[in-house]
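So the structure is just underneath, and the comments pick up after that.
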Amino acid sequence: MKRLAKAAFSQNSLTAPIVSTFVYLISVVRVVLNGNWPVTSSDTAMFQHIGWMVFSGKRYYIDAWDPKPPLTLELATIIAYISNGDPHLQHTLSVVSTIVAGILLTYLISHITSEITGNQFAGLLSGIVFITFPVIHYSAVFGYEPKYFVFLFGLGSIYLSRNPKPILSGAAAAASAGMWQFAIIFPIISFGIISRRKSKDLILKYVFGATIIAFISLLPIYLQGGLVAMTVEVIIAPLYAGETQSFLYRLVKGVTHLKLMIPIALLGMAGILLGFLDDIRERWWVVGLLLWFCIQIFILDYDGADDLFLGIILVSMGIGFAFEKLSTKYESERINSIVTAVVVCMLIWQVVTLGGVGVITNPYSYSGDGPDQAILESGIQQFAHLSGYTEYTIGGSPPDEQYNVKSRYGPDKIEELFFTSTIPSTCHYRLSGMELEWMNLTEQSFTEEKCGKWRLP
């Protein structure tokens, strides 16, 4: 067992990303062997389709309603241009780019934990635990998933602030927030780390880096005349048409998504709190991220298991912190051997059986049996169930008009639109719960060709 601990889990900082590479490849092979390739979720297909639409001459936010900040859609467009508009090549490149981001994120988690604890094995453990969560290693197979890039840039901004490299840190923080509204915590924390050095020069460089990325991301939107549409869909609509689920509903959903990983999650959170008490000055930002994650999940945004991403990162780091506490209290070699055995078993179980948890983040079962109709419930049905509206109270559209739109569009039709290179006749074709609620509040029609007009409920 000691040899296993020293060889398979050596002190090499590249061990975790190397292991994660093999895990991602296993997930890809699983999908290919099941005959499901190419496969997407409604979200990944939507991002990729918008990227292809812009490549084909359409405009962000105007020709396709979407609440994601611009960098998410612009990166999808870059991939569409690289693939020259071929949807199958675009999808493959999207999977590859997402996996690469996941591998780099694994390295970053491992490296930062090692740096904080001064224990490389603790860092290695954090990286391995991160990749054992099925939602992490399996979601990347479904195409372009922005969350991997969001947290790669976000965690990168914190790492660069700690070193410090203020221009790069500011740029990375802005890129993170430019892909997901709730990543705004990363500019706040990374700026806080920079500010503690009490250097005006560092602060100005940080602001400069952030400004450059903000300018680059907003310029295409401005040139397309989409700033108003972006403001409405990215900022105003989520404020008025956000989620309304109860605390208990969200808690049960979290338990459902985590299942067998609940003990690991609890241990990781305990590790974060213990580490914080040991070194408040060094680890305050970890607790800050944990508090923000709780606000996000229980109040602001928890649509699916991919919204647990930040929590999984923090739990993984917390496991490293917990190991550090154990290794200082007990004999290090014995602890290394025991932890290695547990982690290897957990890794094999989570990768081979996907934790035995079934569907997590996408409309396909892990067994490869095809679409799960319970997951493929249309956005209109979801909205009606959650809010109490009937099918025909959405916007100002008559029933026959709504029926015609629903028969061609919706969450379960996005994949077909993407792979057949189809341009929808309406800008409202995703028909997510938020989109439908916004349409109802502002009395928009299902057949509108252009979205993003300045409207308030």
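Backbone N, Cα and C atoms are what each Cβ position is placed from, and that goes for glycine too.
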Check whether Swiss-Prot assigns Ser161 and Gln245 to the same side of the membrane.
yes
Summary of DSSP states over the topological domain 'Extracellular' (233-259), given as helix, strand and coil counts:
21 helix, 0 strand, 6 coil
Stretch of maximal Cβ-Cβ contact with the transmembrane segment (212-232) [cut-off: under 8 Å; candidates 121-141, 174-194, 308-328]:
174-194
Would you say the transmembrane segment (260-280) and the transmembrane segment (121-141) are in contact under the rule of three or more C-beta pairs closer than 8 Å, pairs 6 or more apart in sequence?
yes
Can you name the far-off residues of the same chain, 6+ from the ends of the topological domain 'Cytoplasmic' (195-211), with a Cβ under 8 Å from a Cβ of it?
161, 164, 166-174, 187
Short question: which residues 6 or more past the ends of the transmembrane segment (92-112) have a Cβ under 8 Å from it?
13-17, 20-21, 24, 28, 38, 44, 48, 76, 79, 82-83, 123-124, 126-127, 130-131, 136-137, 140-145, 148-149, 151-152, 155-156, 158-159, 313, 316-317
In the same chain, who gets a Cβ under 8 Å from the transmembrane segment (260-280) while lying at least 6 residues past its ends?
116-117, 129, 132-133, 286-287, 290, 311, 314-325, 346, 350, 355-357
Mean pLDDT over the topological domain 'Extracellular' (34-91): what is the value?
93
